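Chemist: The transmembrane segment annotation in TrEMBL covers 20-44, 56-74, 94-116, 136-154, 193-217, 229-249, 269-288. Taken from TrEMBL, the feature domain 'G-protein coupled receptors family 1 profile' covers 37-286.
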Amino acid sequence: NLSTVSEFVFMGLSDAPEIRLLLFVLFLLVYLATMAGNTTLLVAISTDSHLHSPMYFLLGNLSLLDLLCPTITVPKMLGALLLEHKKIYFSGCLFQHFSLIAVVGTEIFLLTVMAYDRYMAVCHPLRYPSIMSTKLCAQLAVGTWAAGLLNSLLHTSLVFTLSFCGPNKIQQYYCDIPPVLALSCSSTHSRELVILVVAGVLGSSACLVTVVSYIYILLEILARKSPGLWHKAFSTCGSHLTVVCLFYGTTICTYVRPSFTYSPHRDRAVSMLYGMLTPLLNPIIYSLRNKEVKCALKRVISQV
């Protein structure tokens with residue numbers, strides 16, 4: 001008497017009309033602010049010649065990812081809040097899951113590349129222009145996007161080739177790995193183990209490269225004992241380090257852990273941090289802590 005699930009229902013939002021309207025207005029404002037901030041940063045980087053450097057090229061890719069991440073999940077959530085359209089077809093859930101994991105994975109790899117870029121800029125300033133060439137930056141960017149897509153393809157194939165024949169209510173506002181796995185009527189232990197190992201290895205490797213890069217940066221600063229170098233390194237690395245801590249902390253708490261620790265309410269709050277708050281804060285962090293970006297933004301706004 002088992003039947004294949006053809007659609008899922010999101011259960012991660014409030015059913016009270018007054019709460020739904022309040023949440024709709026709040027999330028709509030956050031989404032619009034995120035779109036405006038990252039779009040402005042992209043325009044500034046692409047049009048201002050002072051920002052045509054490896055660091056800002058990578059920052060432009062980060063802004064593009066921060067545009068895509070909330071766009072994958074928030075419009076559907078807003079529709080569920082305002083119109084109560086909480087259903088999503090199986091194919092739509094698969095596509096949403098694939099897109100989100102691809103964007104999150106790409107951002108993890110991109111933040112690692114940005115850490116390496118900062119290491120080269122601080123520790124090897126004379127060789128930096130020749131090493132971090134336009135060609136290498138393009139190759140690194142393409143590599144991060146390709147790695148994110150392949151990682152997402154693996155995770156999506158492991159999750160959505162399971163059998164779904166019973167409950168179809170997802171305890172989340174989008175199709176994420178833990179709540180979708182919880183609905184499968186197949187044995188998920190082996191696939192959970194593969195997902196945990198792959199996410200753990202990739203995440204820890206990216207984190208290790210980032211940590212080692214900043215250790216070398218710190219050692220270089222201490223070795224030179226120059227106040228000017230300390231200020232320059234802090235201004236160029238502080239923004240990236242802030243973003244790394246915020247993004248890594250929330251994504252690792254969500255994905256690099258066993259499924260039996262899954263908690264719908266806690267995971268919903270954590271996912272909103274990296275899915276909505278981090279993309280909103282990234283352009284603010286980089287623009288407020290970077291004089292070149294602030295000057296470029298002023299020029300863009302004056303031109304508009």
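Even glycines carry a Cβ here, placed using N, Cα and C.
Would you situate these features in the structure and describe their surroundings?
Modeler: Mean model confidence of the domain 'G-protein coupled receptors family 1 profile' (37-286) amounts to 83 (pLDDT, 0 to 100 scale).
Within the chain carrying the transmembrane segment (94-116), a Cβ under 8 angstroms from the stretch's Cβ atoms is held by residues 55, 58-59, 61-62, 65-66, 68-69, 72-73, 76, 88, 140-141, 143-145, 147-149, 151-153, 155-156, 159-160, 174-177, 180, 202-203, 206, 209-210, 213-214, 240, 243-244, 247-248, 251, 274-275, all 6 or more beyond its ends.
Cβ atoms under 8 Å from those of the transmembrane segment (136-154) belong to residues 54, 57-58, 61, 98-99, 101-110, 113, 198, 202 of the same chain, restricted to positions at least 6 beyond its ends.
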Chemist: Let me spell it out: take the transmembrane segment (20-44), skip the flanking residues so only those 6+ beyond its ends count, and list any with a Cβ under 8 Å from a Cβ in it.
Modeler: 13-14, 51, 59-60, 63-64, 66-67, 70-71, 74-75, 77-78, 81-82, 276-277, 279-280, 282-284, 286-287, 293, 296-297, 299-300
